[in-house]
Each structure stands twice: as structure tokens, then as C-alpha cells.
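TrEMBL has this to say about the protein:
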- A:Cys333: active site, phosphocysteine intermediate (ACT_SITE)
- A:Asn270, A:Ile271, A:Cys333, A:Ser334, A:Asp335, A:Gly336, A:Trp337, A:Asp338, A:Arg339: substrate binding site (BINDING)
- A:569-586: compositional bias 'Basic and acidic residues' (COMPBIAS)
- A:548-587: region 'Disordered' (REGION)
Amino acid sequence: VLHLVTTVEQVRLLERFSNKSTSGTLHLTATHLIFVESNNAATTILHHHIASVEKLSLTTSGCPLVIQCRNFRVVHFVVQRERDCHDIYSSLLRLLRPVSYDELYAFSYNPKQNEQQREEGWQLIDLGAEFERMGVPCDRWQLTDVNRDYKICETYPRDLYVPITASKPIIVGSSKFRSKGRFPVLTYFYQEKKAAVCRCSQPLSGFSARCLEDESMLQAISKANHNSRFVYVMDTRPKLNAMANRAAGKGYENEDNYSNIRFQFVGIENIHVMRTSLQKLLEVVGSRFLSVNDYLLGLESCGWLRHVKAVVDAAIFLTKAVTVEGASVLVHCSDGWDRTAQVCSLGALLMDPYYRTIKGFMVLIEKDWISFGHKFADRCDQLDGDPKEVSPVFTQFLECVWQLTEQFPQAFEFSEWLLLQIHEHVHSCQYGNFLANNQRLREELQLGDRTHSLWAFLLREQQNYLNPAYCPTYADAHPVLEPSTLPCHFKFWRNMYHQFDRSMHPRQSVLKNVLTLKESNCQLEDTIKDLETVSTCIKSNQILFKHGISPPTPDPQASPRAQRILPTDTERTVEGSSGTERKESYSDLQETYGAKAEPAVVSLEFGVARMTC
Amino acid sequence: MEFAELIKTPRVDGVVLRRPFLPTVEGTLCLTGHHLILSSRQDNTEELWLLHANIDAIEKRFVGSLGTIIVKCKDLRVIQLDIPGMEECLNIASSIEVLSTLDSVSLMYPLFYRPMFQVIEDGWKSFLPEDAFKDLESMTEEWRLSDVNKDYSVCSSYPPLVAVPKDVDDDTLRKAAAFRHGGRFPVLSYYHKKNGMVMMRSGQPLTGTNGRRCKEDEKLINATLRAGKRGYIIDTRTVSVAQQAKARGGGFESEANYPQWRRIHKAIERSSILQESLIKLVEACNDQSHSMDRWLSKLEASNWQTHVKEILTSACLAAQCIDREGASVLVHGTEGTDSTLQVTSLAQIILDPACRTIQGFQALVEREWLQAGHPFQQRCSQSAYSNSKPRCEAPVFLLFLDCVWQILRQFPCSFQFSQHFLVLLFEHTYASQFGTFMGNSASERSKLNLSQKTVSLWSWVNRPQEVERLSNPLYEANCLVIWPSVAPQSLLLWEGVFLRWKRSSRCLDEAYDEMVHIIQYNKELQNKVNNLRRQLAQLETEEPLLQTP
């Protein structure tokens, strides 16, 4: 039910990268902001997507209101009367600051589904089955029930996998020596070499403290792998940060105390650096009339691609250690829920083709991000919280995946549409999956009973997310991906950070076109079958006549390039968005052409109106 | 001079060849007058045939008696030859150096090359100005083909036939030519069928410091304007550069003498700066450092993408004036043989769907670059690795190709050709067995009698196999004007040229093949469905019983 909060007429929506604008009416409901243009075209923004609202100083044409969204949409309204603008502004501020989870959209979102479908949606992904797929439990790894009641670690899931030789006292002792009790547990098992990827938080070692149980824990992990005499311990932080943590009684493993480890820093920066970096990137690419040099200098100085590369580099290190050396690896950072999640999940994606399928990718996110307690609520600012806790760690992970899909166009079952859609809903709070910070809280909120699962929604329309170039047999020849780490192979992800800026994108999309053709191929195959049946029937028409069957009419939908239905719940305009002409002007002609006003208005067929997709 | 004199050691055994993405080959190295050949003399191993003309620079290294020659090619590939024996290595190196820098046109390979394929259609005759003019005649009667330059005496860089306004006589043309740089008087470049507007190009007017004027020149370009209409002059230089040109006898059209024209200055860089930019870009791409900051700052410092943006923006502006403003346009820079042609040819890609076909693009290159007098030989004698002092080298045409690639990326279904065609043209402008890009103008090519003595690249390209290889499977004719985005975020580094040798393209090629397969399969299925429907319709007429409900 949409409760209208307020409506303001004669509002102008300015185009972000041109001088054009459209006018219409702005409506605020309890959950959405809706701008309806005079031609009835609507722009809809979920309140949860709004990151900030800014009221700029009054101009002659009205009062500007700039809204920045977490999905990188930026809208610039000009409201004629200042009072109306203030009304919208203050209503938005009120609506944008939910203080309890119950206020989130997921609890009111009702997609007209029956209860059974909703419940089934939550059962689609089963992490127990996932560990079984990896070959766990086995003779070296077992399921432990120490955290059944979230007593040992409240940010971990209930079910945890540990080496068989790790006794309960060892686990308990180790957890007491680790930040937030996040002791080393299994997250991925590389069956071919029986090598394990484990994760944890930093040890509370300070300058000299040690813990025999923790040392035994690492010993147990090492012993569980006969291929290697040692375990790699990857501290994903820069060395300086890790050293600074020692002063606070935390820190990193001392190689002298852990006889069986090889310790390695990999230097991924912390959440604050990442937040600032992305902010700077968005500032750079958001500026109008950007020159190529400022763009490239901005890309360099914001450091975003450097950070993305650092994460990929770390995942490659992990993958090599496991798949080439057959060694087990323990990954941690400070708390073990940001950088650790990035590196573990990305590493698994490189090692295991299953995670490169649509379903497998969901399982991967469910395992390394949701169940192991990546703090989605804090990082994505779901409730009115500490702005210093907000950070695009998960976005950065999605970008790393995108960079890999660009390098290996045949290896992934999904296209970037899936990544964009997941990103959209991590912030929309429309589905229950990403709400709250950990599994314990999610259970308290009874999300499984009160909300819908995103995975079910995505799987239902998975044909939209397919990569037409995907080759399932590619994995036979390339089970492990070996990406290039040359900087020139890392690109700016325009389709993410400009996903609402139509003018930036190619007007025709190879992806959409080929996907449409592929679908059309399936339909044509069906049509051929039907037609062949009919003609066989006609040939033996007596039978046909006796039963009074009329021949099936050919499916009109089977025409090639049938209109695709792409994800519809957003107005994202990544590639191949047709319709209106490119509105930018390549030069201010009026400047040179004296008194002439704006360049003459253009006929409708500019750009590529006749797009086939 | 005989080639044999230049080849000190024609053959060395036991040479090891290392190339990007290909297995190491050991074999015999042979030098011929035009090629460096390495063959393992075994079946199934690829031989290397490298044109000396493709070699941009070499480096020698010695470890003991094992010498290594690093060969850097104009197509930006770098290969390594390990040659046993110091003397052999030195001999080979010095021979390559001499053979790859021969200045004498009469020794160039196209004059020696005999095609191993059957020439179906002689490319030298595929794109004659007379034929192009027939198309124009079918649209308008306002233009005529003038042979004022038939002996190349009015303008040495123009072809013998040029299209000019019907009402302007040859005498006026001669006088206007005297007023334009290099005799390049304004001629027709493009006629926009939709609204009858035109694009012309020329050299700069020779106004000099005292503001010389030329009534005939004014008459010539005014003849292209409709009554009461104004036109635009796009000067590809900044105002200050154009001002400075006056001191050297050049200049620009003043408002006083050309009141019906509005001048717009754009800033497209000149040749030496572009060459430097290419060198820096290639160096950045070859940098083995894994530092992101270093890569981005080197890419930025090369300014390559800036040039791409400037050229594209100017072309879009010209297209905008013609199509949106409904005005005619005159484009020139200084000589009118470089930036001018980038702008006029790209504007046509944007405006004219015909230029986006394989044949049409060849015609465009022929018309706007070869006939229009772009000095290919001067511009393309060195590429990004050469150590010798650059003379007139500049990647003007490569930048044009890069811009076309950018538009192709943004409209991947609107071009009949794929990027392979653009890469092929890049390669052949720098080193080729074909005569197409030899010489600097139509007059030079005619003096060398190239159409008789060499094979045209177009003869090769227009064979069915090659056309198929260069085709874009996604192509669907799009009759509209295509406006590209020139935002920096929309412009990409052309990996197909600049990162081509950095990373195996196998993954991308396989994905591409898969896409081609899907498209072809779709066509097959559609044919099958149509056939079945036809058969069914036949059966139904033969079996009237079915028609009853």
C-alpha cells in the first residue's frame, strides 16, 4: 500500500551530463520517491537507495535538491518554491533514517506470492550441501557443534567445519585468542589436493602474548593436509596496520611461536581507505565536461583500481598456494569479515568452476559473506548508524568479479547484469538476505518467516542474467583461472558507476543482442519440432482427422529478436538503451553563432531509435 | 644496387625464435631482399615471414658467443631471435638494419610481389572518382566534376578530378588554389542527402599578416550556401595557432571577408606531437611494472586518449552542424592533409550509413585519405619503436582508425565490418605487399605507375573469404546518424592494437566464435522454420479436409 506523504508539482529534473531538463510532478510515498514527467514517464527511487539529500542555495529558477543514491544514481531536481523544497527535504530526512529493522522495506514488500513459494525461496541454498559438494566432512575435517547456540562466536554461523584433530578445548582456547572470537574455520576445501582455505580474525597477540590452543589449532590445520608441511597465513592487511594493532593487544602471528606456518602480508587497505577512495572516484567521474587527462589522473589519485587489483592479487596468491603448491591457507585481516571475505570468496571463484555458475555464485555469497558475518547492515548503512562503518567492501568484491568476467568471457554462466542486480538489492533492503550483520541477528528477526529471498527472485528470471558466451566445458580445460595482473587489464566499470547515466553507454549492446538470439534459437527449435510433428500428422492425416486435432499455429513469439524483458524493477540504462537521442552537444554553437539560442531541436530519429533490443 | 650486396650472411642455422603466445621455434634463419624468414623445416610448425619493411627497430645483446636480436615491429609486436655466433649475429643485425630502412621506392616490396590469389576485381579500379560522382549526380545537380587538376599542376596533392560547385569555373578554381595552402582549394568532401548540406575541405587560406583576400575563394565557398543560409568553417587549430600561422603566410578566413561563415576553432594536435604520443602510449603498454599508478599516469601522460577525444569531438561537431543545424561546413587546418581528413572522414562515418559497410569504408579511405592526399609514406615510415629522428612520421591515420573503433564499440551492430578490418588497415599502412598505401599522393602513385606494377589491397580484401573474415556478424543496416559519446568514461584503450601482443586473445577469440556460432545457428533455424512452413502450407492445400474446423 502506497501512502502518499507529499506531492509537489512543477519540479524540474536536470540531466546529469547535459543542459537539458524535464519537468513533472514529484511524489513521496512511505517507501519511494516518484517523479512523473508530463509524458507519464516515471523515475522511481526507493528510499533505502538514497545515500544523501542535499539542498543547494536558491537560484533564480528555483530551489535545487540533489539526491545521491547507493546504486550510483544522482538526481538533481529544481523545485520552484523554496517551501515545497524544504518540505520534500525534511520529509526525506525523516524517511531515510530507519532506526529499527522493522521499518525496512523487506518487511512490507509483497510480491504477490503464496506462502509456500516464499518458504521454498529460502530453501534454495543449503550450505550443508555445499560443504558436502566440496567433500566435507571427510576423514580430516568435521562439522563441529561448538557454536550451535552462538556461544563461542556470535558473528559466525551455527555450523562450522574444523580439523578432526581440533578438540573442543583447542577451539574454545583459540577463539578466546582471536578478535570477536572468530577462530580459524574451514571455508573452502580443494578436494584435488586436500588443501583447505580457512578464515579467522587477527590473534590477540599484542607484542608478546601467545596461546597454545591457537598454535595447536594451526597445527591441526596443517596436519590435516599431507601435501604440505606448513600452512600459509595470509594477513590481508598492510604490514603497518597490523603492527599498529599490536599496541591495542591485537596483531599478527609470530612465526617463532607457530612452527608450521609461513606468514605473509598482502596489503589490502582498510574499510576507511576504500570508502574515501570510491567517494573520490565518484567525484571524478561525476564532474561535467571532464577531460581525458583529469579522468585518468583522477582514476590514479583515487586509487580505486589499485585497491581492486590488490584484492585480485591476493586472491591469486591464495589460489596458487592451494592449487599449485597444494598448501592450506589461513586468511585473516582484523575482524575477518571484510578483506577476508573478499579474498576467500574471490579465491574460491578462481579455483572452483561451480562458483562461476549462477547458482554457485549465490552459494558463494551466502557462504563467505552472509553466513560468515560480513556486516551488511553497517557497511551498507541499512539503519541510521555510524557513517564510519559504511564501506563499499562488497561492491568492490563484485567489481573484482566483473574484472575477471572481462578477462574470461567464457568462464562465467552469468553476465554483469547479475552483479548489478545483486548490488541493487544489497542496498534496496527489499529482500531479507542481506539484512542485519550476522546470522544470529537474522534469526532473531525471523527473516525467513517475514521476508522474501532475493535468490529465488533472481533464479526465477535467470535467463536475463545469462552470459551467452558461457561455455560449460571451458572449465574442463581451465578449472583454475589464472588472470593477468598487469594493470592495463583492469578497467573502469562504467556499467556500474554510471548505470543510470544513459549518455555514457554504447547505444547498442552485443550482450543483449546475442542473448536475444540465443533465446530465439530455443524458441525456433521448439517451433521446428512442432512444425515437424504437424507435418508428420498431416502426412498420416487419417489419424489426425479421427482425433480432431488441429495443427498448432506457429508461435508468433518465435520471431528472432523478440523484445527481451530485462530486469524491470529499475530504470538502469546500461548498454543498448535506445529511445531518445544523445542529448549532449559537442560544442556550444550558440557561442560562436551569435544570438542564436539553443541548437535547433532535433528530429526524433537521432541516436539509434531503431534498436533491435 | 643488388640486394645480395646488403645481405652479408644469408643463412644461419640453429636460430631460436621467441614470440608472444607462440611456442619457441628453433630453425634456420634466412634473409632475402624483403623478408626475414625463420623455418624449422618441419611440418606443422609455423614459419615466420617478416617483411623488412615491418621492422621498426632492432636491439642486439650478447652473452658469450650467443647473440640475441630483439626485433621491434611496426605493428607493435616484439620478437626475439637467439643467434649462435657473434659474427653471424652482427651480420644479420646490420643487414636487417639496412634492409628495413631502404629509402628507394623502386626497391619496395609491392613492386616485387606477385599475388598468390586470383584477382577477381582489380582494386585499383574499384573506387574511381567518376563512379563516386555518379552517385552524387543522382542526388543533386549543383556539383560538377572538374579536371582542372588533370596534370596535377593546380594542386600536387589533389587527384586529377575533384567535385566543385557547378557555377564555379576552372579559372576561379585556379585563382582560389593560389590562395590556399598547397593549392588545396575548397572541394566537396561529402553531400548530406537528407538536407542537401555539404562538407568541404581545403588548406588554410594564405591571408598572411596583412590580411590578403581572394574574391574567387570567397565566391567558391559562397557558391555552396543556399540563399540566406550561413555556413560553418571548422578550423582544426586553436585560435592562437591559427593567428601564428599568419606570420608564415597562412591564416584563416576573417569575418569581414566571409560574413556568411562562422568560424569554430578546435584543437587537434599536429603530427610531431601525435608521434610522440604514440611512442609514449606504446611504452606505457609495454611497461612490465605491476603498479596501477604507474600505468595510469603513463597512460595519461601519453595524451593518446585526449587526441582521440579531440578528433572525435571535432568530427561530431562537423556532423552536428550539417545534420542538426542544417548548415554547410568547410573544414581545414594548416595543410589540409591530416587533421582535416580525420574530421571529414569521421563525420561521414557518423552521418552516412554507406561508410559503415565494408565497401563503403574502403571507398571512404580511398576518397578521403588516398585521393585526398594524405602523405601515407611520410607519415608511416616509422612506428613507435624507431630510434631514428622522426621526420614527418605521425599516426594520423591510426588515430582515425582508433576513433572509428570507438564508434564501432558504441554501435556494435551498425558496422558491416569488425575491428579486424581496422587492424588490417593499420598493419598495411605501415608495411604491406600491396601498393595501395605507397607514395604520398595520387600524383606520386601515378608517376610510379602503381596501378600497373602493384596489386591493390582492395583486390585482396574484396575476395569472398576475406570479406567474410572481416565481417561483423551482428551487422544490421542502420540508416540513422549515429552520435557517439565522447565522455572520457566512454572512450577505451584499443586493446586490439595496443595490448594485442600483451595477452593471448584466445579467450576473447573463442567467445567471439561462440557469438558468431549463435548468430549463424539462428539463421539456419529461421531458414528451416520457413521451409517447414512452406511445406506445411503445401500439404494443407493438398489436404482440404484439414481446413474444416
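The backbone N, Cα and C atoms fix where each Cβ goes, glycine too.
Annotated features, which come from TrEMBL, shown on the structure.
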{"residue": "A:Asn270", "record": "substrate binding site", "DSSP class": "coil"}
{"residue": "A:Cys333", "record": "active site, phosphocysteine intermediate", "DSSP class": "coil"}
{"residue": "A:Arg339", "record": "substrate binding site", "DSSP class": "helix"}
- Query: Near the substrate site, what residues other than A:Asn270, A:Ile271, A:Cys333, A:Ser334, A:Asp335, A:Gly336, A:Trp337, A:Asp338, A:Arg339 in the same chain have a C-beta no further than 8 Å from the centroid of the listed C-beta atoms?
  - Reply: A:Ser201, A:Thr236, A:Arg237, A:Thr340, A:Val393
- Item | All-chain count of other Cβ atoms within 10 Å of A:Asn270 (substrate binding site) | 17
- Query: Widest Cα span across the substrate binders A:Asn270, A:Ile271, A:Cys333, A:Ser334, A:Asp335, A:Gly336, A:Trp337, A:Asp338, A:Arg339, in Å?
  - Reply: 12
- Cβ-based isolation winner (fewest other Cβ atoms within 10 Å) among the binding-site residues A:Asp335, A:Trp337, A:Arg339: A:Asp335
- Rounded to the nearest Å, what's the C-alpha distance separating A:Arg339 (substrate binding site) and the residue listed as 'active site, phosphocysteine intermediate'? Just drop the number here, would you? 6
- Item | Set of same-chain residues at least 6 away whose C-beta sits under 8 angstroms from A:Cys333 (active site, phosphocysteine intermediate) | A:Ser201, A:Gln202, A:Asp235, A:Thr236, A:Arg237, A:Ile268, A:Arg339, A:Thr340
